[in-house]
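Chemist: Taken from TrEMBL, the feature active site, proton donor applies to E79, E322. What TrEMBL lists as active site is D213, E347. Per TrEMBL, the feature disulfide bond maps to C276-C308.
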Amino acid sequence: MMKFAWDNYKSFAWGKNELRPLTRNGHIGNMFGGLRGASIVDSLDTLYIMGLMDEYNDAKEWVETSLDLNSNGEASLFEVNIRYVGGLLSAYYLTGEEMFKRKVMVLGEKLLPAFNTPTGIPRGVINLGSSGTSWSWGWASAGSSILAEFGTLHLEFVHLSELSNNGIYTEKVMNIRKLLNKIEKPHGLYPNFLSPVSGNWVQHHVSIGGLGDSFYEYLIKSYLMSDKTDEEAKKMYYSALEAIEANLVQKSPGGLTYMAEWRGGILDHKMGHLACFSGGMVVIGADDGAPEKRQHYLDLAAEITHTCHESYSRSATKLGPEAFRFDGGAEATATRLSDRYYILRPEVIESYMYMWRLTHDPKYREWGWEAVEALEQHCRVEAGFSGIRDVYAQTVSHDNMQQSFFLSETLK
């Protein structure tokens, strides 16, 4: 599947950010400023791990000769960090190839102006050109920064400091953490929007799905990646998880455990596909919480992963929707047309993988295989893989986009 996705990207979209498989051309989009080749940088580690060495060498050569970091244009700090900085760091650590390190050092420096705010909480958008101006996404409430964006820099930035022997990157992300520790949190929860000017929450919307998701993931991973020395990350993670359990974790009438969203104290009984990473998160953190809670965490992780599997198995395609609900008689199904799409996302499969690794229950492998078969049947087109617009439709309609994260995450 990786070779098929890669070969078609190479044939029809080489150097662009993503492949559009139905029209057989490339897509650039506006998320990465003037940066190109997102699918290449994002795929380096997957190709290398899979032993696809010819493909990896083509990718490496493109990065060396054609990845232009002197681009003007508005880029998402978060997306550039996870796909480009993360991609280059992973490639460097896997291969020891100095060129990746040189490239990532140049790029890392271009991200620093985003932190020039009164609070040090970075804005969401950065101009990668020499001006380095930054501003907040127009749609984020009242010029606020987004928890999942400024909270998903930590792993990469610690390593930028490590490799450059320059503490500035670690300092920037530690400063974010310091502010988050200091401010009042409603019921111990972290809302999704924070003002980079005042340092206050902008509205009390809490979600383990989009806008919040990877902040929590990066807390437990920061602790684990520090060889379990980052006590602050550990404390923040387990306290956040306690607040999530107390306020957001629910059981449906049909017995499915899910994580609802919270809007100023009112629950919205909806769980996004993005929130399905949380089964994997809870299980990788099960060993390091209070010993008497270990089994509880294993059970919670298994229940959430089961619910996310149900969102897949209750659709015609056996792929899950972008969001599914637990109200008005719905159980793990999307009720709105606008929530029925699947864009090759990895989160559900990711949880299966962590659950398999940490429990060795064979059902997780079977569930993974079901997803592979569904991807092959419904998302594979003549020239690559495409997302689909309605997972409940017998006849699928493709969205003409092979997301870079399909190669860097889902297939990995």
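From the backbone N, Cα and C atoms, a Cβ is placed for every residue, glycine too.
Mind running through what each feature is packed against?
Modeler: Within its own chain, D213 (active site) has A148, S207, L274, A275, F277, S278 as residues 6 or more apart in sequence whose C-beta sits under 8 angstroms from its own.
Taking the Cβ of E322 (active site, proton donor) as reference, residues of its chain lying under 8 Å away and at least six apart in sequence are, in sequence order, G272, H273, A334, D339, R340, Y341, Y342, I343.
Take the CB of E347 (active site) and look out to 10 A: across all protein chains shown you find 24 other CB atoms.
The number of other CB atoms found within 10 A of the CB of C276 (disulfide bond), across every protein chain shown, is 31.
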Chemist: Of all the recorded positions given, E79, C308, which has the fewest Cβ neighbours within 10 Å once its own Cβ is left out?
Modeler: E79
Chemist: At the Cα level, what's the spacing in Å between C308 (disulfide bond) and E79 (active site, proton donor), rounded?
Modeler: 25
Chemist: At the Cα level, what's the spacing in Å between C276 (disulfide bond) and E79 (active site, proton donor), rounded?
Modeler: 20
Chemist: To the nearest whole angstrom, state the Cα distance for the pair E79 (active site, proton donor) and E347 (active site).
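Modeler: It is 16 Å, counting Cα to Cα.
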